[in-house]
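S.K.: Below is one structure. I have some questions about it.
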Amino acid sequence: MVREGEERIGNRVSLGVIGVSYRETTLQQREQVLHILQQAQGSFRPEVFQEERDYVLLATCHRVELYSVAPAELFDSLAQEIELLGVSPYFYRNQDCFAHLFCVAGGLDSLVLGETEIQGQVKRAYLQAAREQKLSFALHFLFQKALKEGKVFRAKGGAPYAEITIPILVDQELRRRQIDKKASLLFIGYSEINRSVAYHLQRQGFSCITFCSRQQLPTLSMRQVVREELCFQDPYRVVFLGSSELQYALPHSLWESIWDIPDRIVFDFAVPRALPSHTVFPHRYVDMDQISDWLREHRKEVNSAHLHSLREVAYRYWNSLNQRLERRDCVGANA
């Protein structure tokens, strides 16, 4: 649903994004920034800025961003709070906000250059915000067009092929640790990253893969166990954690036994991490910080022509948005 009576985007109010990514921050810092942005929801209440403000929170393994149509002082206050962590967030407004999200959705701003997962992550963040709030026309327009053009950009071959991906890196790490392909692998959470890793490992010959989720998944071809039946005493050689909510969804007594199997390896794909850092065995635990370091070693440079072409598309949509808002103002004034 689109908000009525939306305020014009201008000098006082910006369509903007504030956030951090793998470039500026460690995983721990991104977790802290995510907490700040989640707590900032109170800043969007009417008693703070005289009217309700809408926003979209995008949180992935490698970035945490908040998009909103809001006064400059709101973005400034968030930036100041984030800077207290020793982090310098980026802030893009209006046409630069458009250009940024278009490049994100197109995979050109990803650590895994050209990855496709980010398209789904952006879409889910947008749809969740649309379910929970009455989003402004500007935010609807921004996300719908970024998702559309990201898809078109890939279809035309603009996005580079991602030669090194997280599933490939996980496969390489299992080989390095000499994990047998008959070893029992457990994936907790039916997240996109868990699915992509599981199906890749299955294609590589790993034959004993189990998924654990809230309920049975009728279309899943792999073994399944529901959360109520999960037991870390079972001989899972490798455990993959695909959701940050697992830390609170599973009982503490269960987590205490996750390291009981000698030499068990745990991959924690969640942001925030599913396992607190003080509870892990470092030589048996891999989180997104380590994976990010591996990806940086293999990252390709962005093709400047691809970047320029996608930004130009974004700028055209920004101009189109302003024209639409002006027409709405004229209709409202003449009503």
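For all residues, glycine too, the Cβ spot is worked out from N, Cα and C.
Since we're looking at a predicted model, the values are computed, not measured.
According to Swiss-Prot, the feature substrate binding site maps to Thr60, Cys61, His62, Arg63, Ser110, Glu115, Thr116, Glu117, Gln121, an assignment based on sequence analysis. Per Swiss-Prot, the feature active site, nucleophile maps to Cys61; the stated evidence is sequence analysis. Under the heading site 'Important for activity', Swiss-Prot lists His100, citing sequence analysis as support. For Gly189, Tyr190, Ser191, Glu192, Ile193, Asn194, the entry in Swiss-Prot reads NADP(+) binding site.
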S.K.: Using Ser191 (NADP(+) binding site) as the reference point, find which of the recorded positions His62, His100, Ser110 has the shortest Cα-to-Cα distance to it.
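M.R.: Checked the recorded positions His62, His100, Ser110; minimum Cα distance to Ser191 (NADP(+) binding site) goes to His62.
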S.K.: By a 10 A CB contact count over all chains shown, which of the binding-site residues listed here is most packed: Thr60, Ser110, Gln121, Ser191, Asn194?
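M.R.: In terms of Cβ crowding, the pick is Ser110.
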S.K.: Who sits close to His100 (site 'Important for activity'): which same-chain residues at least 6 apart have their Cβ under 8 Å from its Cβ?
M.R.: Val17, Tyr92, Asp109
S.K.: Identify, in sequence order, the residues in the chain of Ile193 (NADP(+) binding site) that are 6 or more apart from it along the sequence and have a CB within less than 8 Å of its CB; answer 'none' if there are none.
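M.R.: Cys61, Glu117, Ile166, Gly242, Phe269 - these are the non-local Cβ neighbours of Ile193 (NADP(+) binding site), listed in sequence order.
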S.K.: Please list, in sequence order, the residues in the chain of Gly189 (NADP(+) binding site) that are at least six apart in sequence and whose C-beta is under 8 Å away from its C-beta.
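M.R.: For Gly189 (NADP(+) binding site), the qualifying residues are Cys212, Ser213, Leu241, Gly242, Ser243, Leu246.
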S.K.: I'd like to confirm something. Which of the binding-site residues, Tyr190, Glu192, Asn194, has a Cα closest to the Cα of Gln121 (substrate binding site)?
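M.R.: Going through Tyr190, Glu192, Asn194 one by one, the closest to Gln121 (substrate binding site) is Glu192.
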S.K.: Take the C-alpha atoms of Asn194 (NADP(+) binding site) and Ser110 (substrate binding site) and report the distance between them in angstrom, rounded.
M.R.: 18
S.K.: I need the neighbours of the substrate site defined by Thr60, Cys61, His62, Arg63, Ser110, Glu115, Thr116, Glu117, Gln121. Which other residues of that chain put their C-beta within 8 angstroms of the C-beta centroid, in sequence order?
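M.R.: Those within range, site residues removed, are Leu111, Val112, Ile118.
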S.K.: Looking only at DSSP and grouping its letters into three states, which state does Thr60 (substrate binding site) belong to?
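M.R.: Its secondary structure by DSSP: coil.
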S.K.: Quick check: which same-chain residues outside Gly189, Tyr190, Ser191, Glu192, Ile193, Asn194 lie with their CB within 8 A of the centre of the NADP(+) site CB atoms?
M.R.: Phe187, Arg195, Ser196, Gly242, Ser243, Phe269
